[in-house]
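Undergrad: Dumping the structure here so I can ask a few things about it.
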Amino acid sequence: MARPKNVKHIFVTGGVISSLGKGILSASLGLLLKSRGLRVAIQKYDPYINVDPGTMSPYQHGEVYVTDDGAETDLDLGHYERFLDEPTSQACNLTMGRVYKSVIDKERRGEYLGGTVQVVPHVIDEIKEKMGDLAKNGSIDVLITEIGGTIGDIESLPFLEAMRQLKLELGEHNLLNIHLTFVPYIKAASELKTKPTQHSVKMLLETGIQPDILVCRSEKPLSREIKNKVGHFCNVHDLDVIGLNDCDTIYEVPLMLLKEQLDLRVMKKLGLKKFREPNLEYWKNFCEKVKHPKDGEITIGICGKYTEYPDAYKSIIESFIHAGASNDVRVLVKMLRAEDAEDPKFDISSAFKGISGLLVAPGFGDRGIEGKVRFVQYARENNIPFFGICLGMQCATIEFARNICDLPDANSTEFNKRTRFPVIDLMEHQKKVKEKGGTMRLGSYPCILKEGSKAHELYGKFLINERHRHRYEFNNQFRKLFEEKGMIFSGTSPNGDLVEIVELKNHRWFVAVQFHPELKSRVQKVHPLFDGFVHAAKEFAQGKRQLSLEVEMPRLSSTEMENAG
């Protein structure tokens, strides 16, 4: 198998427990290497048998991250893009399901010449072939591959075997393994315990892989003594034991790893020389704004269907961090369960207590829809900054149709196929689609903005490109009526057929979009819609505080005023 020359491979694995942050580690290392002038790409390998996460429940998988080319991928790709400010693609996320599907398709076409198809060599060879796809055009120096799951999981074994074989083929100076483990702190003993890390490395060794570098997550910093102990029992040099203790924000991780010299250890082992010193001043400034905002805090409510699991809204939450830093405030998120508002006895005004803005989040299905519509109505009627995304835009138009356009049972045909007023309907090209996976309107599409609109003011240009993931769209039969009643269709597809952005006149800030702007917000490039929304919420909060102060300030009598003078 021909492989591109001079491309260095870094594989990131995890042990002891899940959710240690392999994605953040991979993205942080990528940022450090990029800051030294290296061309870096990152990919994620997931061991589940699904072809992609597009049909998986948000409760199990979290957010589905959509790339420009329309791939439905793991949320870790969002971290890669936000940290490196580089687009990802379908090639950056491989699942075991895609591997097996490809192997079976080849068998059906007779490409194995009648042989018995087995995990070794056929599945392993398929994985190794995919491992080099991103490096084939010679446009990168380093390829970082994050392997999902935890060492010891049976599902990950084919990926690990492929990595083992690849290291033999490429040589130890062209491939290294970084193993992320957990060093728990036992409060009763006031000690950090290394035994779980030792056992995790032992399990990795059973697959034939000796880790080159250990990154140890812990509640408290690792002492030199602890690092020496880990290195001694795990057959790793103590300089290759990297401490990564808990921090206030994930955006501090690159700075912590820089201090621990992870990038230097990686470059030395891979024979990478003569690269510039990293300049992360902008990153340090961003972290300072996140940790110590000049103008305090504001609270924004996220009304959604999956509020018990914040990872379902990962990119939205991260976008609020970016926009908060841009506006010198810390954005606190209050999760608002849409289903709660479907109860007529629910006091919606109490839910808005302390909230300076409302975002109605994406989702699918009719559960909680009437609650979302009710939240939209309250924000519109009380002039509270409002931002709707995807389903949030659809709920905004349903609410407007019912309460402003006098279409009492207006709805989406997704929720009520017999509604008299289908203001949201299935897109024409979707009506013959039967399969669920990978069949929505996915990926980046152009949008034309209306001159003088809020959207045009925020973007500062007429043509934008945004990422989509939907089947339903605004029904143009109702466009004229909506415009007459005060709704502005400020963004459409280039041919004008598809509504992408709606706004309201005479409202402090009311913008709803069919696309997913949260997927394109970056540390250095906060998304203009989130930036504008947080700015409006900040002004709203400051206005409420000023009003509160005026109400609380005692009124002086004329005599008292004269005496004061």
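Cβ atoms here come from the backbone N, Cα and C positions, even for glycine.
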Undergrad: Which single residue out of Gly23, Gly30, Gly357, Gly363 does Swiss-Prot record at the L-glutamine site shared with Tyr59, Leu391, Gly392, Met393, Gln394, Glu414, Arg471?
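TA: Matched candidate out of Gly23, Gly30, Gly357, Gly363, per Swiss-Prot for L-glutamine with Tyr59, Leu391, Gly392, Met393, Gln394, Glu414, Arg471: Gly363.
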Undergrad: Which of Asp76, Asp85, Asp105 does Swiss-Prot put in the same ATP site as Ser19, Leu20, Gly21, Lys22, Gly23, Ile24?
TA: Asp76
Undergrad: Given that Swiss-Prot annotates Ser18, Lys193, Thr194, Lys195, Pro196, Thr197, Gln198 as binding UTP, state which candidate in Lys136, Lys229, Lys259 belongs to that site as well.
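TA: Site partner of Ser18, Lys193, Thr194, Lys195, Pro196, Thr197, Gln198 for UTP, according to Swiss-Prot: Lys229.
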Undergrad: For the recorded positions listed here, Lys193, Lys195, Lys229, His516, which shows the highest count of neighbouring CB atoms within 10 A?
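TA: Counting Cβ neighbours within 10 Å, the top one is His516.
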Undergrad: When the Cα of Lys195 (UTP binding site) is compared with the Cα of each of the recorded positions Asp76, His516, Glu518, which one is closest?
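TA: Nearest listed residue in space: Asp76.
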Undergrad: C-alpha of His516 (active site) to C-alpha of Cys390 (active site, nucleophile): distance in Å?
TA: 7
Undergrad: Could you pull the average pLDDT for the domain 'Glutamine amidotransferase type-1' (299-543)?
TA: 95
Undergrad: To see if you understand the setup: which same-chain residues, six or more apart in sequence, place their Cβ under 8 Å from that of Asp76 (Mg(2+) binding site)?
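TA: Sequence-distant Cβ neighbours: Lys22, Gly23, Ser26, Ala27, Lys44, Tyr65, Glu146.
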Undergrad: Return the member of Ile154, Cys390, Glu518 nearest to Pro196 (UTP binding site) in space, with distance defined Cα to Cα and candidates limited to these recorded positions.
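TA: Nearest in space to Pro196 (UTP binding site), counting only the recorded positions, is Ile154.
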Undergrad: List nothing but the one residue from Ser18, Ile154, Thr194 whose Cβ has the fewest other Cβ atoms within 10 Å; the candidates are the binding-site residues.
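TA: Each of the binding-site residues Ser18, Ile154, Thr194 was scored; lowest Cβ tally within 10 Å is Ile154.
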